[in-house]
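In what follows, a structure is listed as structure tokens, so that the remarks can point back to it.
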Amino acid sequence: MEFIKMEIVDSIDAELRRVKDEDAEEEEDRDHTEIKEERQESSDGKDCIKINPPGKSFIHKLDSEDPTIIHTSEKPNTCPVCGKSFTCKGSVDVHMRIHTGERPYACIQCGKSFTCKGTLTCHVRTHTGEKPYTCPQCEKSFTHKASLRYHMRLHTEDGPFICGQCGKSFAQEEYLKHHVKIHYAGKPFTCELCGKGFTCKGSLKIHTRIHTGEKPYTCSHCGKSFTNKGNLKIHANMHTEKSALTCVQCGKSFTHEENLKSHMRIHTGEKPFSCHQCGKRFARKIILQNHVKTHSGEKPYTCHQCGKRFTDRGYIKRHMRSHTGEKPFICPQCGKSFTHKGNLKIHIRIHTGEKPSKCPECEKSFTHKGQLKDHMRIHSGEKPYACPLCAKTFKCKGHLKTHSRTHSGVKPYSCLQCGKSFTVRKSLNVHLKYHSGEKLHECPECGKRFAESNTYKMHLLIHSGERPFSCDKCGKRFILAARLKAHLKLHTDERPHVCSVCGESFKLVGSLRSHQKTHTSEKSHVCPECGKAFIRESYLQRHRRTHTAETLLKLN
């Protein structure tokens, strides 16, 4: 029996050394107690669970009393050497190796042998460096599940070390020291890119990935990447776990019940969260919290590259992609990438042909709600977007943005072949067809070519003499509806086009453009008779008639 006792002590020492090594890695002094749970499978497939109660040393438990057993049935299997009883026969076989000294599981790296397979698996990790157990709160990793469980007590359990500032208690003094830093202005770990301070090095490391765009943790199932292990672990559950939380309406699955409840409000239309200032209601609490900031003007999240401020952390995260150029959401069909997941979702409908947003007035369908919203203004006549320079109004923001270029003169779309610039991308695409010769429509009368069939058809009206659009005031007829629209302004006193330099107003935008040249353009058209210069050739020709009239008077 002396030999048996020595064998037990040796195995205990080895186990304690293993725990010590783990603790040294954590750089924290703590008592070497752990909740040890062993699961063994018996021949009939039932799990046997042995739990060592916390609060006592592992050696004392072995010397003085048996560990507590969770009793699922009787213990008919008894050790013939020491009389100890077990619920499973497999547990007796493993236990007998303590008495026989048998260690059938040997490490191929160092030759060290073990009584059970689980202990060998844990030992192998000392060679491979594998740490499969990660703390979901601070991302620290461990080789053994018991070490993680012990570590988790730092986050969850109350202890004797109490913070004098807020009263929060901790199981370890080291963790209290870490917590106290939150209350002080000093944050020793500073981001070199934006100057933001952090209380611990790990938080700084994760934060830096916002600037670099680095996402080192990649899902082996779908290739999606994450900045930290915790998010990857949560995401991986969607692939590995068979979720019992499924939406009965659309079949979508969730790993958390709270997420399913939130999702169900999409179908029910329920909006339980209400703003006390304006009464607006929301389906999710986080959306309400962000909305409240619009009343207070609070924008706590600042982009340190351009200074733009945001009400929500998610908004600044998406915004940062405009600086990094990151487009993490890739279309599986055509490979096109997007900065936002929502944009990818809308794009995929181009491939599927899905148009879920239907107009209740004319039943026309659209790929997303934004298009439907703009379309609905055709029926309502609403034009909420007004130009601050000429007061012209538009149905959608994009049209106003394009229109504003007529005032600024900005032409952001340039042809790489000839250098010609355009205010809208569509005009550039049409222009490029002239270089490629793609699908050009040639006029049989004059040989002029057109890239678009609509432009070609309108051109043919010039030769046919047909003018389908007539003015109901004076009877004048026009080829284009746009020209009739411009003409109708001549019958009104409306002068919506105002010069930003001198304030003079005009009925037609063309007249305003001509006028603006008097402020900005050079006078390149010079009269050969008197040297007077003009901004337009037509003005010069008009002026030259004055010389002709003078000459005729002299001759007479």
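The count begins at 1 with the first shown residue.
Using the three backbone atoms N, Cα and C, a Cβ is placed for every residue, glycine included.
Listed in TrEMBL for this protein:
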COMPBIAS  30-49  compositional bias 'Basic and acidic residues'
DOMAIN    105-132  domain 'C2H2-type'
DOMAIN    133-160  domain 'C2H2-type'
DOMAIN    161-188  domain 'C2H2-type'
DOMAIN    189-216  domain 'C2H2-type'
DOMAIN    217-244  domain 'C2H2-type'
DOMAIN    245-272  domain 'C2H2-type'
DOMAIN    301-328  domain 'C2H2-type'
DOMAIN    385-412  domain 'C2H2-type'
DOMAIN    413-440  domain 'C2H2-type'
DOMAIN    469-496  domain 'C2H2-type'
DOMAIN    497-524  domain 'C2H2-type'
DOMAIN    525-552  domain 'C2H2-type'
REGION    19-49  region 'Disordered'
Quiz item: In this predicted model, what is the average pLDDT of the domain 'C2H2-type' (161-188)?
Solution: 64
Quiz prompt | Cβ contacts the domain 'C2H2-type' (301-328)/the domain 'C2H2-type' (525-552), at least three under 8 Å, sequence gap 6 or more | solution = no
Exercise. Between the domain 'C2H2-type' (469-496) and the stretches 189-216, 385-412, 413-440, work out which stretch tops the count of Cβ pairs under 8 Å.
Key: 385-412
Practice problem: Take the domain 'C2H2-type' (497-524) and find every residue of the same chain, 6 or more past its ends, with a Cβ under 8 Å from one of its Cβ atoms. | Solution: 389-391, 406-407, 486, 489-490, 533-536
Quiz item: Using DSSP, how many residues of the domain 'C2H2-type' (525-552) fall into helix, strand and coil, respectively?
Solution: 16 helix, 4 strand, 8 coil
Quiz item: In the domain 'C2H2-type' (245-272), how many residues does DSSP put in helix, strand and coil?
Solution: 12 helix, 4 strand, 12 coil
